[in-house]
Amino acid sequence: MELQPQFNEFLANIRPTDTQKEDWKSGARTLRERLKNFEPLKEIVVSTFLQGSIRRSTAIRPLGDKRPDVDIVVVTNLDHTRMSPTDAMDLFIPFLEKYYPGKWETQGRSFGITLSYVELDLVITAIPESGAEKSHLEQLYKSESVLTVNSLEEQTDWRLNKSWTPNTGWLSESNSAQVEDAPASEWKAHPLVLPDREKNEWGRTHPLAQIRWTAEKNRLCNGHYINLVRAVKWWRQQNSEDLPKYPKGYPLEHLIGNALDNGTTSMAQGLVQLMDTFLSRWAAIYNQKSKPWLSDHGVAEHDVMARLTAEDFCSFYEGIASAAEIARNALASEEPQESAQLWRQLFGSKFPLPGPQGGDRNGGFTTPSKPAEPQKTGRFA
């Protein structure tokens with residue numbers, strides 16, 4: 001069964017909490033204001049914006065005392081052809097020492113900042129273009145479309161367009177609804193560059209393109225795409241002992257988007273469809289004990305699976321095969337309790353059981369006195 005009410009409750013149980021959302025917004029706003037007012041960097045910083053799973057609404061609730069991870073991009077006007085990656089990043093050390101003493105560390109392509117309530121990942125980038133083209137891009141990066149700290153789920157009308165403004169109520173609804181994504185010619189061919197200390201080179205990155213692709217895919221899937229990503233991430237976390245460490249994060253998200261058809265009608269249907277498509281699409285690759293090459297939505301020459309080993313991909317493929325069998329049975333079941341128990345084999349106790357009026361089994365079924373633990377059968381049981 002589709003059990004959409006139970007899926008809705010499950011999703012509410014695994015989304016970041018309202019407090020966590022406010023924490024990362026506060027952290028992002030505070031950092032933005034501090035950068036804006038830090039005199040040595042005033043002429044360098046163009047804007048800062050949220051990226052990553054937080055911005056794309058594909059993050060799941062951290063377990064235990066783990067803090068949310070928040071990616072913040074700093075867009076600068078630095079000339080990457082005249083400055084080394086190390087020198088570019090070193091410009092920000094006085095800022096970090098002033099506002100985050102003892103709380104920051106240098107990473108390969110970013111700075112990590114550990115606060116009591118959130119983990120910030122500060123990514124320094126530069127606009128590689130020059131002249132009028134650079135000016136147009138700076139306008140985009142200074143626009144509400146980029147600066148918003150709301151996630152895609154919170155701002156469903158969002159478009160990548162410097163003319164977009166947040167929909168704050170019924171008065172602005174008609175105006176925001178008329179704004180569509182800007183033509184690809186205005187943004188797609190213009191990724192940012194970011195410094196890599198370890199390789200001592202500048203590489204291309206296009207977080208806005210990833211955000212825009214996610215927003216469009218979610219609309220085409222009736223709002224189910226970002227929730228399906230969350231569900232698969234939760235399944236992976238619940239079954240981590242039976243799965244390889246990778247893929248996770250964005251590569252996992254990309255694999256889901258690659259397999260999910262447009263027009264998704266429900267969570268249950270979407271899960272079965274994307275797993276079945278994943279298995280059929282990569283069967284030959286799996287049989288060859290290899291892994292796929294998947295182009296990044298923002299920088300076409302980047303393989304999203306570059307750091308994933310063939311061994312891990314094949315192990316993950318086997319995990320999806322086992323999970324798909326359970327998901328098919330859960331969707332096919334016509335008994336609410338049985339269906340829910342099967343979904344719980346994948347997602348654990350965060351997936352609720354239907355209430356007493358949720359449907360009865362034939363043969364004397366009685367409502368359990370407490371939530372049942374999943375039966376341990378098969379790879380993920």
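Note that Cβ sites are derived from N, Cα and C of the backbone, with glycine treated the same way.
In the structure as shown, the Cβ atom of ASP69 (active site) sits within 10 Å of 17 other Cβ atoms. Feature annotation from Swiss-Prot assigns active site to ASP69 (among others); the stated evidence is a curator's inference.
Under the three-state DSSP scheme, ASP71 (active site) falls in the strand class. Annotated active site per Swiss-Prot: ASP71 (among others), in sequence order, evidence recorded as a curator's inference.
Per Swiss-Prot, active site is recorded for ASP121 (among others), and the stated evidence type is a curator's inference. ASP121 (active site) falls within a strand segment according to DSSP. Spatially close to ASP121 (active site) yet at least six residues away along the chain are GLY52, ASP69, VAL70, ASP71, ILE72, GLN107, SER110, PHE111, GLY112, ILE113, judged by Cβ distances under 8 angstroms.
The ATP acceptor binding site annotation in Swiss-Prot covers GLN51, ARG109, ASP196, ARG197, ARG204, THR205, ARG307. DSSP assigns THR205 (ATP acceptor binding site) to a strand in the three-state reduction.
The Cβ of TYR250 (ATP donor binding site) lies under 8 Å from the Cβ of GLY52, SER53, GLN210, VAL304, each of which sits 6+ residues away along the same chain. According to its DSSP assignment, TYR250 (ATP donor binding site) is helical. As annotated by Swiss-Prot, ATP donor binding site applies to SER53, ARG56, ASP69, ASP71, GLN210, LYS233, TYR250, VAL304.
Annotation source Swiss-Prot lists Mg(2+) A binding site at ASP69, ASP71, ASP121, citing experimental evidence.
The annotation Mg(2+) B binding site is assigned in Swiss-Prot to ASP69, ASP71.
Residues or ranges marked as Mg(2+) C binding site by Swiss-Prot: ASP196. A sphere of 10 angstroms centred on the C-beta of ASP196 (ATP acceptor binding site) encloses 16 other C-beta atoms.
According to Swiss-Prot, the feature Mg(2+) 3 binding site maps to ASN258, LEU260, an assignment based on experimental evidence. Counting every protein chain shown, the number of other Cβ atoms lying within 10 Å of the Cβ of LEU260 (Mg(2+) 3 binding site) is 24.
Per Swiss-Prot, the feature region 'Disordered' maps to 348-381.
Under the heading site 'Important for GTP discrimination', Swiss-Prot lists GLN51, citing experimental evidence as support. For GLN51 (ATP acceptor binding site), the same-chain residues 6+ apart in sequence whose C-beta sits under 8 angstroms from its C-beta are ASP71, ILE72, VAL73, VAL123, PRO207, GLN210, ILE211. Taken residue by residue with DSSP, GLN51 (ATP acceptor binding site) is part of a strand.
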(Q) Which one is it, among the binding-site residues ARG56, LYS233, ASN258, LEU260, that lies nearest to THR205 (ATP acceptor binding site) by Cα separation? (A) ARG56
Q) Counting only other Cβ atoms and using a 10 Å cut-off, which of the binding-site residues ARG204, LYS233 scores lowest? A) ARG204
(Q) What are the sequence-distant neighbours of ASN258 (Mg(2+) 3 binding site), meaning same chain, six or more residues apart, C-beta distance under 8 angstroms? (A) ARG281, LEU294
Q: Let me know how many other Cβ atoms fall within 10 Å of the Cβ of SER53 (ATP donor binding site).
A: 23
Q.
Just to verify: the residue among ARG56, ARG109 with the fewest other Cβ atoms within 10 Å, which of the binding-site residues is it?
A. ARG109
Q | Number of Cβ atoms other than its own within 10 Å, given for THR205 (ATP acceptor binding site) | A | 21
Q: Show, in sequence order, which residues other than ASP69, ASP71, ASP121 on the same chain lie with their Cβ within 8 Å of the centre of the Cβ atoms of the Mg(2+) A site.
A: GLY52, ILE54, VAL70, ILE72, SER110, GLU119, LEU120
